[in-house]
């Protein structure tokens, strides 16, 4: 992106190329003008007779301003929604089956409503969802259509029919006898009531073409309006186009010069003119029109012409800012406005799994056909058998009068019988699951950008599983990988470079170990202070900002020299302060010297901001005057012309008249464009030096521009100005004529220098790219930057690495491009290539890419790009971006993702399988056209590796399980046909068939598709290699489908034959009823199938939670609950079936055996597969499981150790007087106390537990020396205290003697360690009695029996004590071994027994 930064500022050809070919309404200005008739809008003038109909009304009917973005109306909803739903082949099939059941010979006794109920339910649920979504659109439309604006009333708009002259009234008048065909308003303004017009509030939907509206500050524009006048003296107004293209920067718009005096209603009544406009088209950045007016109607020769361009138009959806009011003429309304022409539907995208599901559906149709055909053939054979039960029990036997007719009818009856093999609820389930997945993506707080208040927003919900299969990512650079927040870092003036400091690229190169990358090792803060002091010696810069990005004190040293270089510096920064279109804002009213610039691109704001900080501040713009302060001196320049930037020109110029007189042209643009227009034969040395500096800047990852000027004579300018005015006034080919006029003046330039701006990398981009590369994803960067800049940015963001072999392709013609591509393939990937295992990266520029995309050369380019790890395409156009994406997507048949932030990325985004838009500084047009939108590139990592991978795994498993469960259900009925003579007899009750997919088995598979996950998000990011399964499509394959089909056939056989074997002879019930009927058999088979398929889905669920358990159990129980409920009704053959079956052991035994035998093979295969042939996912899941198990064991040991760390204490809880105890921290458990001592105990919170004394466990066979009934005596101050634990005494000598008399260790003491101990609360538990006491300054090392410290409760505030692992090991050794416990106090010497 060049300096002007407006990636959307393309010419007509670029816009047309940028638009997807499926947007048929997007046409260029030229083609629209040539194909469609021009539009004339009259103000206070009579319409020409040729434009009037027979009733004197305008022939042209313009679109109403009432817009409707919804898909349906009340009248069209039902037919249109049904048409859209029945475009699905499966729905047509189910409708055909329902209609088939209406035939008596085929449908039999089936109730048509019951037969149609599943299809009706699916259609109704989908219709309700569509209606709700459309209702929200209707609500938004109504809110917008009823918005208020100010319109001129009591004034005749001659461009539209009026009341009695409308065509409807004329038609009614004709039929009722009023056949007057005269024009009651032929004069147009003759019916106006002079001096009666007034501004009146009106709704947007009432605004018409030709109306005059008055827009107030901060008001949205209701239609496309030509600006007639504004409140500003220079006719300017400021507009925010955020709703149109997402850009937040204000833009300048101008009124028509000849109408600038229109201020009041009276002025609107008196003015007389008409606008000759081009037809409506979708190009947001182009408009061509002419305003023609005259003081006297009918005088053609005296008419004045004013050109109207896009800079004179306010588009619908924009907002007027910083302007009191603007008066305008409406030229386009409703669907003719540019915003509506650009709101065409995004391309309809279908996920790869959805497309591949057609194979599964087709295979199910084939299976269905084979089942029906087999049943028909078998029925014909049974019909021809000489002896059949049908001969005795049925009239004629079979379904027809002959074997052929019987087989024919059996085929269609079997089609109805086995119809559920094609899952009717699959599509609605997939939509519901993907809706849940979209909600999870939207709700992920880790992809929420707080600064912009923007979450990750899914816009296309049905392709979430594609996110888990992406193999190629195509990324824009500026604003996508970088922040698009520009910082002026360096410049070259008159061949001398200025600017210090490192860039992200140089820092990245240093970290990567690139020895060729040099950087400035300077103290920037010290240099900044030196620069400010040097500046203060020359002048006082009151407008300098606090955030300086350009630092170099040398520039002020050169300025002080007052030589030729000083003059060059002044001219250079003066050009930066004047050559722009920025707006000045004063954010702080109390500080007039604080200035902020609002520009149409961050580049331009950075250039003008740097000039301000250096001392060349742009202060204000009023009318045609630019005011700047040059090193403390205020100067005013007259602005004559602005030659604006576009993507073809790649430059912008301003023509000024300095206060000293004369005419000067200032131009800034890309180096290639500026160098072509420099004066021939001059500045040879300067050109070389400047180009060398620019190359150095580019190698540092900086974006470079050149600055040049030209002094123009007044005669040349005056002649050129007439040519330019004629070109600007042209209604046809205006852009081309303006470009030709600009070429006439932008030549023979004098080079001044160049600028270098850093577009810093976004946070987390290098890490994200590195992770995506580990996941097996290849990244192609498509940028408009120079090759050197793109390469260095590639190194900075980890796209290119130092161990890669860089292949650079740069050709000037087709043959050269073909030769270089062929040589690269042979050299690096041919049979004789060296370093075949090395990583390669391809760099190709836009000119070469133009040839590489040729049909004959494209295969070579694609093959070379496929073999490279990374590809960088430089200087590419929007059309080339889309072509590259299409080439890879179609040529390699891989899943692609495009990500960008600007309007020139829209075509690339729409071409890819998945389009992602960055909502950032560049605007949000890319985000609006994308399938997913978020604020930072780094969020792509989690979107793909977590949500995308989960969605792919879930959808793949859910669809496979869906087909499986329907095949089990259907094939079980086929087995029954063997005993039914293949007469297409129902095995199940029809309510079972109806509820099977709606209730009995719907929720487990839906839960699997919405919530299942193999590993958590943290693990998915830790092991990005797991993503490769999606790239290789290993979770949704044809072989997996057939394995599920075989499993389903086996399980259906088990469920039927086990049940049939148990119930074939029946049994008697105490009530006299038997269980050998068809209903009983169908119920047990149905119960077995439902339990089996639900548990099978659970077996394939990788994340078993309590919710999954509840869903599966309730789904199984729902069938038995339905049988219980359905048995209450006195239906024939079903009444009280629950009493017959549920009380039989055989019924439950049959269900249990069927489930076990059905699931066991699958379980065995899964066990063997995970044990001996595990996938990467299985290995990682096992690793995580062991880690969790180890952590639980470690936590349990920590708890046990903390229990062992408790100190025994006194039982009475009486706080001692000794200073070594803290009375306020004592805590006693009630179980340790007698009733009469509770009132004396202060209860406080637990304290930190210190490191423990050393403990000696007793030998085996020795009884505990301290029993619950025993008491130890603590002597202090002549008082006795009883307790049930063990306590320390402050009287060391007496206590030690008493202790030794009670405890006699069996082994000598080991060496003891002591450490400090602070206030703690300890716990001892023995015989279900607990005691807490704060111990302070206890300072002796003791040897205690281990029995005192068993089953001790941990302290919540306890931190892990040191050397705990040693104590764990000691605890496992033989009893009698010592464990150290040491307590010290800094105030008292440590004690060690002798």
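Just so it is clear, glycine is given a Cβ too, placed from its N, Cα and C backbone atoms.
Whatever TrEMBL says is automated annotation, not expert-curated.
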Key: transmembrane segment range according to TrEMBL, out of 387-408, 409-430, 431-452, 453-474   = 409-430
Remark   = Here TrEMBL annotates transmembrane segment, and of 880-901, 902-923, 924-945, 990-1011 the range meant is 990-1011
Note = Students should find that the transmembrane segment stretch in TrEMBL, chosen from 53-72, 113-132, 133-152, is 113-132
Task = Would you mind telling me which of 824-843, 844-863, 1104-1123, 1164-1183 TrEMBL tags as transmembrane segment?
result = 1104-1123
Query = Sequence-remote contacts (6 or more beyond its ends) of the transmembrane segment (959-978), Cβ cut-off under 8 Å?
reply = 353, 357, 360, 364, 367, 371, 375, 378, 417-418, 420-423, 426, 429-430, 984-988, 996-997, 1001, 1005, 1008, 1036, 1040-1041, 1044-1045, 1047-1049, 1051-1053, 1055-1057, 1060, 1081, 1085, 1089, 1092-1093, 1096-1097, 1100
Task = If we count other C-beta atoms within 10 Å, could you say which of the binding-site residues 703, 875 has the fewest?
result = 875
Message = Test of understanding: give the count of other CB atoms lying within 10 angstroms of the CB of residue 476 (ATP binding site).
response = 29
Task = Please work out the number of neighbouring Cβ atoms within 10 Å of the Cβ of residue 645 (ATP binding site), leaving out its own Cβ.
result = 23
